[in-house]
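Here's the structure we're looking at; comments come further down.
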């Protein structure tokens, strides 16, 4: 029985993919027919866009996380209070990091949206996309200029220039795509009102350069207005959407858009390519996991002369100076790795990602980006100092939020579980409790650690290290722990057992029917 | 006609993938049957390993390229001669970078080999793999310790300890995999001599820790011997293979191993997962493309006070100081992006990657890794100095080799084109000439630039900048250029025209038959 169910997980995923392929082949057949009728000119070789998008995701994920480097490399004097220096940091560098992360993920979401419409590429589009990527990688710099010199128009001008050119390139991509309809999304390709789609998409894309153009002009006249304009361009779609949603809730009207209309709608359940969310997430986790080793490899190889003079030629003595750095590296790698593992388990069972889930994922990733920094802080101070305690508590808070946002993705998915989740992890599925335990492990452990360090502040370092060592083993033994907990729960609620059993049988049948239907 | 052929490219790829899926489904069916007979215990949810491998590839590609950072951050005094400081650099840092790249790619190849046998994972294997990754990310550091203190055994001990633990973890993965046969490669799963496979694979995997164990012991007694042992462990399989190949050539015997025996054989045509080669390559290109912007974002935001005092508050004046850095960034991003584009075009038409192609790809990537550094050098010196000329020539040489190794991949693929290439780019296919032009563009342009800078050394900077500007447009117009060149060639060789035509017709038919068959 257990065997069968596992096979179904694999088969489910495989059959899903096969269906995708099949529909693609089917459509490329129909396109073959339509194309031979409508067009005859020789156009360059059409390609699947898969790898181009993977490369773009890799680039964007690096760019999203790099502004954490200036934060991480800010030196804190050992005698300085952490609170104080944190405030100093918070004012600019951390804010720049978070804002860059937000802006880059906004650009990334626009990129996903665009290539959900243009599903096939040729050489021309590949080169245009590379140009677009180059400009996106430049955005963080313009942003840090803006943050350092808020009253000088140059930063805002550079940012606007980049945004305008990116918008224009995207518009060219759309126009080129609609000029060569075999590059388009299958749905739009067979749709009758292609011109409607084209105008709708162009309108949304060109809104950004238009706003930026005015923001650039206003930066000379009255620069606060240009900041307002830039904020508008990012938040306006969200604001109108949430207002609309609230309005609908109050009136009680429930309008369900057909899925095809959700493209370029900014609706919270607008579909977001699951594959690309995964690729972007993998990129961010990979960069963050290796962030500390980058520094270690560059800075922590002791100098030959120094070893001779200062440590009497003993390399081990010289290296033990760097001990805290290594500990921080292993600690942060393990934590980031396990958070990735949780994300991986979650998305294995998510069948469709929506824009709202993507937003939660972004928040979770932004927290993960700060993790290596927090870990580095925990090992930088003398034992039992007030700074050490604070650094440990900050680490706990960051891990807690990274975990909570992952949990929130699952909860969001559960609200619409028929569409977004695999039957096994839906409410009542056999993996439901296990999944919940996986997602809840880090938030609950860090919350416990946080409160323990508040009470037993003397032993904070020990508690923290114990937590770090226990968690990987907890993940290894999680399945056993969950089944023990479930049987304990059953034992406690024994009176309700007969009813429970009946329910369970129903539950174990549910996935079956779902797979068949 | 053109339409049809394009659709065939897409269809070819799609049908290929579908076949893969189908065979997987088929086998998971057969496994379903075999598993329900042989095993009854409940094991945790089995998963496709795709995303785990993508994440591992991302981590390994970052680690492979990070040792370029210490090279890039070595400051060269403007009055120092480049030759001199390059020699100083070459002795340690560049050697460390290249050796790290080699070692990490060896570890990566072992990882591919392992997960070509273990095709499905569960939570336990995912966590083991993360532990393995953590140790791999630590290898570059031990390596730079070895290079800085070659006579101290600590570096070699750390390296050996890591290698031993990695080997043991891989052995555990193999034993676990063979203990749960539904995780295995479909071919091995249905094979009768599973125990033979298991022993063969374990023997190869455990050879590395065994060698490292002895190397570690000898590091105390006579350390040069341990370096010899470590070199042996990396090069031995290659040496025996090439000796065997030479022997076969001399004797004239041609032994063709069946594909199933090629797993874990170190044979040059051992299959290498094409998907993973692409993922690793994308990772390296993405890191390298953004390497310079990382530095720019961190170091090149001018200080508020400095701008006030030194530049009388003019931000533009302050930024123009950094002009060369920005130019270097855009130049290297464009070059890396276009080399990626060539690689992408090539692998779109490669249907199967072999170990030898992987090796050539590694060499190409190692060159690409040095590119941002070379570009940075080109802009660091005063106009028309001897250093500038040398920096430009070094850049040309690096790009040339990166391009030549890509071309070599294609040539290797052509030797066995029926198995490794899509019909369109085989000798005589309609995309053959276009593909060749794409691959040959960078090598030929850089070679021309190199010789031009030798002759017209006064205008070297202008020639180099012209090259940078011309190349992207050359890529855009390449299809037109190729067809012009082909028709010119035809015009020149007019007498042979009738024969040529007959040949061409044959050629244009060839792909068709291949697709059908």
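Every residue, even glycine, has its Cβ placed from backbone N, Cα and C.
Record features (TrEMBL):
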COMPBIAS  B:1-30  compositional bias 'Basic and acidic residues'
REGION    B:1-44  region 'Disordered'
TRANSMEM  B:52-74  transmembrane segment
TRANSMEM  B:94-112  transmembrane segment
TRANSMEM  B:124-143  transmembrane segment
TRANSMEM  B:155-183  transmembrane segment
TRANSMEM  B:204-235  transmembrane segment
TRANSMEM  B:326-347  transmembrane segment
TRANSMEM  B:359-379  transmembrane segment
TRANSMEM  B:391-415  transmembrane segment
TRANSMEM  B:436-459  transmembrane segment
TRANSMEM  B:465-489  transmembrane segment
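Between the transmembrane segment (B:465-489) and the transmembrane segment (B:326-347) there are 3 or more Cβ pairs closer than 8 Å, counting only residues 6 or more apart in sequence, so the two stretches are in contact. Stretch with the largest number of CB pairs closer than 8 A to the transmembrane segment (B:359-379), among B:52-74, B:94-112, B:124-143, B:326-347: B:326-347. The transmembrane segment (B:124-143) makes contact with the transmembrane segment (B:94-112), as judged by at least three Cβ pairs under 8 Å among residues 6 or more apart in sequence.
Using a Cβ-Cβ cut-off under 8 Å and counting only residues 6 or more beyond its ends in the same chain, the transmembrane segment (B:326-347) has close neighbours at 274, 277-278, 281-282, 285, 288-293, 296, 353, 364, 368, 371-372, 375-376, 378-379, 399, 402-403, 406, 409-410, 435, 438-439, 441-442, 468, 471-472, 475. Note on the transmembrane segment (B:52-74): residues 85, 89, 93-94, 96-97, 100-101, 104-105, 107-108, 111, 115, 121, 126, 129, 133, 136-137, 139-140, 143-144, 273, 275-276, 279-284, 286-288, 291, 295, 365, 369-370, 372-373, 376 of its chain, located 6 or more positions outside it, place their CB under 8 angstroms from a CB of the stretch.
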